[in-house]
Amino acid sequence: MNVVTPNGGDSVAARSWPGLLNPLLRGEDLSAEETAWAMDRIMSGEATDAQIAGFAVALRAKGETVDEVTGLVRAMYAHANTIEVPGRTVDIVGTGGDLAKTVNISTMSAIVIAGTGAKVVKHGNRAASSASGSSDVLEKLGVNLELTPRRVVEVAEAAGITFCFAVKFHPALRYAAKARKELGAQTTFNILGPLTNPAQVRSQAVGVADARMAPIVAGVLADRGNSALVFRGDDGLDELTTTATSRVWVVRDGVVREEPFDPRDVGLPIVPVEALRGADASYNADVARRLLDGEAGAVREAVLLNSAAALVALDPGTGTLTEQLAAKILVAAEAIDSGAAKQALERWIAASNA
């Protein structure tokens, strides 16, 4: 079987699971074509649970490369329901897996970003490391997520923000669900969501809980020509966090540059993670409403910072990274304080339920 990838390349037909697993067990890297072949078999429903689990564990134990993850992403896109949203778009998302059970910072940030006038196409799913996932909270806020791909695009045009529910746009991932659940461990699959937005956005802010995977994610985005900020809190959060210092991988013009970041450098205090702790979807939705109504505190500060990260990815402006983030924090704060962010959510609710 040939695997036709989105960039037009074909993989070599004569491959086998032993031909991939044995090199991985010897610590040898695979090519993008080889991992694309494996993912194509998985997403076609032609791989057994044992083959899926063996591949996922062997790849993670060996340590993924940019080429290997790129191959997985290409195959996922080949099986995805992709969409085209006109104009410049941005996404903000975390990989999950930090086990911190925080409120939905990236989801609230997406609404704030839309309030600044940027067009947001968020890609998300049920809970990974938050107490509830982005989709759970958005449904509690009144956003209708049960939309066809065409309606998802229409909502983006009408409201300036839309949501791609992963299970609807990547239905072939169901073939890996049983093996992933039975493994119960973090594998490469956990970082593929942020790399496979169905709208193929070109600007992203991506939080990565796994320190080893953050530069890999940045490398994949760089190879695609995306503009992005990839980050990880030094305490393990998949956010540009206010609970600690962070590492940031700035992706621009095909180049990745790693920088340290301290929230105190933009005037934000370091707070305990308990200040960002969430609960169920109803609680987290209420936190979002209070944020949009102008409530001050640690949640607002974290949302402003992460909103700023996405705005920098979309349009960095001038100066150092710290200066860029400081400038965008002011833009995000104005979106909340003027009521524009709350209006963006109201437009989203109305458009998605029309």
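Heads up, the Cβ atoms here are built off N, Cα and C, so glycines get one too.
The anthranilate 1 binding site feature in Swiss-Prot is assigned to Gly94, Asn125. The 5-phospho-alpha-D-ribose 1-diphosphate binding site annotation in Swiss-Prot covers Gly94, 97-98, Thr102, 104-107, 122-130, Ser134. The Mg(2+) 1 binding site annotation in Swiss-Prot covers Ser106, Glu239. What Swiss-Prot lists as anthranilate 2 binding site is Arg180. According to Swiss-Prot, the feature Mg(2+) 2 binding site maps to Asp238, Glu239.
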Across all protein chains shown, the one of the binding-site residues His123, Arg180 with the most other Cβ atoms within 10 Å of its Cβ is His123
Round to a whole number and give the Cα-to-Cα distance in Å for the pair Arg180 (anthranilate 2 binding site) and His123 (5-phospho-alpha-D-ribose 1-diphosphate binding site). 20
Binding-site residues near Ser106 (5-phospho-alpha-D-ribose 1-diphosphate binding site), in sequence order, restricted to Gly94, Asn125, Glu239 and a 10 Å Cα cut-off: Gly94, Glu239
Checking your reading of the structure: which of the binding-site residues Gly94, His123, Asn125 lie inside a 10 Å Cα sphere centred on Glu239 (Mg(2+) 1 binding site)? Gly94
Between the Cα atoms of His123 (5-phospho-alpha-D-ribose 1-diphosphate binding site) and Asp238 (Mg(2+) 2 binding site), what distance do you get, rounded to the nearest Å? 16
Length of the line joining the Cα atoms of Asp238 (Mg(2+) 2 binding site) and Asn125 (anthranilate 1 binding site), in Å: 15
Whole-number Å distance separating the Cα atoms of Thr102 (5-phospho-alpha-D-ribose 1-diphosphate binding site) and Asn125 (anthranilate 1 binding site) is 16
Looking only at Ser106, Asn125, which of these binding-site residues has the biggest number of Cβ atoms within 10 Å around its Cβ? Ser106
